[in-house]
Structure formats: C-alpha cells, structure tokens
Amino acid sequence: MDRLPATTILPDALIQGTADDISMQMALIWGQIKAPLIVPLLRVAVVICLTMSVMLFTERVYMGIVIMFLKLLGRKPEKMYKWEPLKDDAELGNSAYPKVLIQIPMYNEKEVYKLSIGAACGLSWPSDRIFIQILDDSTDDKIKAMVELECQIWASKGINIMYEIRDNRIGYKAGALKEGLKRNYAKHCDYVVIFDADFQPEPDFLRRTIPFLVHNPELALVQARWIFVNADECLLTRLQEMSLDYHFTVEQEVGSATHAFFGFNGTAGVWRIAAINEAGGWKDRTTVEDMDLSVRASLKGWKFLYLGSVQVKNELPSTLNAFRHQQHRWSCGPANLFRKMLKEIITNKKVSIWKKVYVIYSFFVVRKIVGHIVTFIFYCVVLPLTVLVPEVEVPKWGAVHIPFTITILNAVGTPRSVHLLFYWILFENVMSLHRTKATFIGLLEAGRSVNEWIVTEKLGDALKAKATSKAPRKPRFRFGERLHLLELTIGAFLFFSGCYDYAFGKNYYFIYLILQSIAFFIVGIGYVGTIVPNT
C-alpha cells in the first residue's frame, strides 16, 4: 500500500486553521484576564516602584547636598577630631607608640601575597611596637609553602611577622580574624589593622591613622579609601571604579560626617581592639562580618571616622565570574544581616532615635535593599510590561527624570569617567538582576548560597606573565561555562518589548529597551571583563 502524503492526512488549510484557533483562544484568554487582573496588578506595581524610586532619589539628593556643604564649609577630619602626630620621646622611647597588630587574611592568594606582605612590612612604625600576622587559610600546600617562605624572608630581616594557619576554615575570614586576636602577642596590642591580600598601604599609613584613635577615645574605627591599580584594565573595572568611587566619596563621607557611622569595608581600616571586644568580637553568621561588627559597635555608642585623604591601593575583580561572586556576597550579606539585627537595632537604648532611623532606613533599607530591587524590577520588568499593556502608563518623571538625576549625581565620584555613564547605566541594570536575586536570598534566608563565601579572585600580574610567555598554548574555550541563562532570558524579554514598542508604542521606550537587551545578551554570554585563558 502506498504511503499517503502528509497533505492528504492533514491538509494545509486544517493546519492553518488549527494555528489560527490557538491564536484566537490565547487572544481571548488574554482579553478576559487583562482588564480585571493584569492592569490593576501592573498599576499597583508601578505605584510601588515609583515610591521606591522616590526613596532612592531623595537619599541621593540628600547625600549630594550634604557633600556640597561639607566641601563649602571645609569640614575635614582634622577639624572634627583632635589629631597630632605621634612623636619620639627621649624618656619613654618607643613605648610612646601604641602596639599595633596587622592582620592579613589569605586564601590561595598565589598572585598577590607578596604585594600585601611587602607593603605591610614596609610600614613606618617602631619595629618592637608592630606585629604582622599572616592568617593563611589556603588549601593549596604549594601556595602555603610559598607564603610561609615569604614570611621567613621578612622575619630574617628583623620584622615581627608571624605565619598562622588553622586546621579548618570555620567562619571563613571572620573565623581567621577571631583566631588571630587570641594569640598572646595580639592580646597586648591596642589596635588592629586589617588588609586583604591584594592591598598595598603606603609606608605612612599608621602615622596618619593611629593618632586619631589615640587622641579621640570615642573612636572605634578609622577607615581609609580604596584606590585601584587596575582600574584601566578593561571596561568592567572602569565601571566598578565609578560605583566604588561614589561609595567612598559620598556615602562613606556623609555617614562619617553626619552620624559618625558607616559600614566598615572589611579592609584598609584600623580598629580599636577594645571596641571589637565590647561589641562581641567577630561573628560569622553572615557573609558581611565587617558590616556586622560595624553595626554592633555603633549600637554600643562607638563612633567611626572615614579618612578619604589616606588611600590604599588594591585590585578590582577583572573577570565577570569573580565580580558576580563578589556582588552576590555584597548584596546577600547586608540583607541577611538586616533580617537578623532589625529587632536589636530598634530595641537598643544607647543610641539616639535619629541614628536608628539612619541605620535602618538610609543604610539598610534604601541603599542595601531598595536600591537593588527597584533598579531591576522597575526598569527591567515593570517598565517593559507597560509597553505590552498600554492601559498602564508610567509618568515621565519616574521613567526618565529620576533615573537621569541619580545617574548625574553618581558621576560626582569619578569625573574622569563621565563619558562612560551610558555604559554604566546599562551594566548596572544588568547586574541589578544578580543583586536582586541575592538580596531576596538574604532576606528570606533561602538556599545554601545565603552563607556561601567565595573568595574574590585576584589576578595580580598573572595576565602580564601569560602575555609575555613565548609559546602560549591555545586557550580552551567552553562556551557553556560562560552562559548565564537568566540574563539571556531577560534580554529576550526586553528585546521583544522593544520591538513591540517600536511597532505599536508612542513613548519611544524601544530605544532604551533594545539597548538594554543588548547589554543583557552581552553579559549573558559572558563577554565582559578580562578573559583568562586556561593553559
């Protein structure tokens, strides 16, 4: 029996008719749920997003005004707090200088360990009043041997440097710092300075920071500013520099000047050990042990000082994966800490109501939660949906004026990169997806990643070394390892919304939507930052 052709069994007209029926049914269902369900829900979402946008806008304008007045009035740390250089005393000798502990936690820091150890050993301070502690949690025996050998070399030169290891990594960085303070020599120190493995302080770091703590007993912390040795390495590092410069020149400055409170940045800071002990010491309940200690010390009445004139060189993550891991920790940790400390902050009796409001509303809610959520939900979800549901409109002040003003205010931190604001906006919107996800994980304590600690990869001179090698192997490239499906999905949604707006819309949102979709696609395929070849 001859096989009948497909057109005999299912004629083209029948196939076309079936497809038309499905389309009509979907259109009918959409028409039935759109007015009573979709439109009201989307309007509520717009109102919520506009409210959060106003919160973020108000916070940025407030900080901008404060910074302007600080500059006009010339309120420098030396005018706000007593500061006198520590001088040699003929009678007291070196005992006129307090004992200082330098802690450098490490974890498989093959590329940068020499930089931080060398810089710490070069600090200007009486040799019998400084103790350098290398807290090595490395799991690679070869790297541990290299770090230990470097410590021995400096010890042979008369430097008080101790190489400390643990049998486990309990508590990660917080656990290492806590164990380090238990050593006998550490118990005799008045202050502790913390540097991550890629930080390189200038020789006069201690002489410029310690006097503030010596002459002002109410101060618990002096935080220095970060500057970046690899800011010009690629576009990814330039964009990071813009965000971090704003954080230091505006957020930290405002917190220090108005409330004597800000979050310790985890490195390049000097702590009064008595304040650490009174606050309960280092805790590993979140991935932001630095912020945890800051809040607890502040609730005990201690004050903090940000010293922007003291700058410490360090390295920005230049690979996309390293940056994503860092941003997950920096977004998930604060949200999780807020969940755990909200009641403690509210019921605290030692600080003023005004300071409580600042810590809860400005520091946590607006900057650590709302800032991430509104950027993604509003500009990457709700706004595109209003294109598909034209019955719901977003006012121009919410869709254009507020984000434009926030962007301009952000440019204050890095004037040299003002021409990159366009790329910064698109990239921040892409990263807001990752940050929003991490924020909700922290707030809800959902999943194992809530306390996941992945050390940020540092490359140091690794790329230069590979670039100068005579016969490099062809790098192995696995496309699947660089795909990020969430970013690709959002990119496809934005591209569809942009095309729909181009065909049927009237607000010209398609210009933004299509450009933003391209940014999501670029990040989605991992084509951002430095690509480190596997040799």
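Glycine too: its Cβ is placed from the backbone N, Cα and C atoms.
Heads up, TrEMBL stuff is auto-annotated, nobody curated it.
Over the domain 'Glycosyltransferase 2-like' (191-387), the average per-residue pLDDT in this prediction is 96. Marked as domain 'Glycosyltransferase 2-like' by TrEMBL: 191-387.
Sequence-distant contacts of the transmembrane segment (44-70) (same chain, at least 6 residues past either end, Cβ-Cβ under 8 Å): 249-251, 253-254, 257-258, 362, 365-367, 370-371, 373-374, 377-378, 382, 385-386, 392, 394-395, 398, 402-403, 405-406, 409-410, 412. Annotation comment: TrEMBL describes 44-70 (among others) as transmembrane segment.
The list of residues near the transmembrane segment (369-389) in space but at least 6 beyond its ends in sequence, with Cβ under 8 angstroms from a Cβ of it, reads 34, 38-39, 42, 45-46, 49-50, 52-53, 55-56, 331, 334-335, 338, 399, 403, 428-429, 432-433, 435-436, 438-439, 443, 490, 493-494, 497-498, 500-501, 505, 507, 509-510, 513, 516. The annotation transmembrane segment is assigned in TrEMBL to 369-389 (among others).
Outside the transmembrane segment (401-427), and at least 6 residues removed from its termini, the chain residues within Cβ reach (under 8 Å) are 53-54, 56-57, 60-61, 63-64, 67, 235, 238-239, 241-250, 379, 515-516, 519, 523, 528. Annotation source TrEMBL lists transmembrane segment at 401-427 (among others).
Sequence annotations record features per position, and here TrEMBL assigns transmembrane segment to 483-503 (among others).
Away from its own ends, the transmembrane segment (509-532) comes close to residues 233-237, 317-320, 323, 379-380, 383-384, 387, 399, 426-427, 429-431, 459, 462-463, 475, 479, 481-488, 490-495, 497-499, 501-502 of its chain (Cβ-Cβ under 8 Å, at least six residues beyond either end). The transmembrane segment feature in TrEMBL is assigned to 509-532 (among others).
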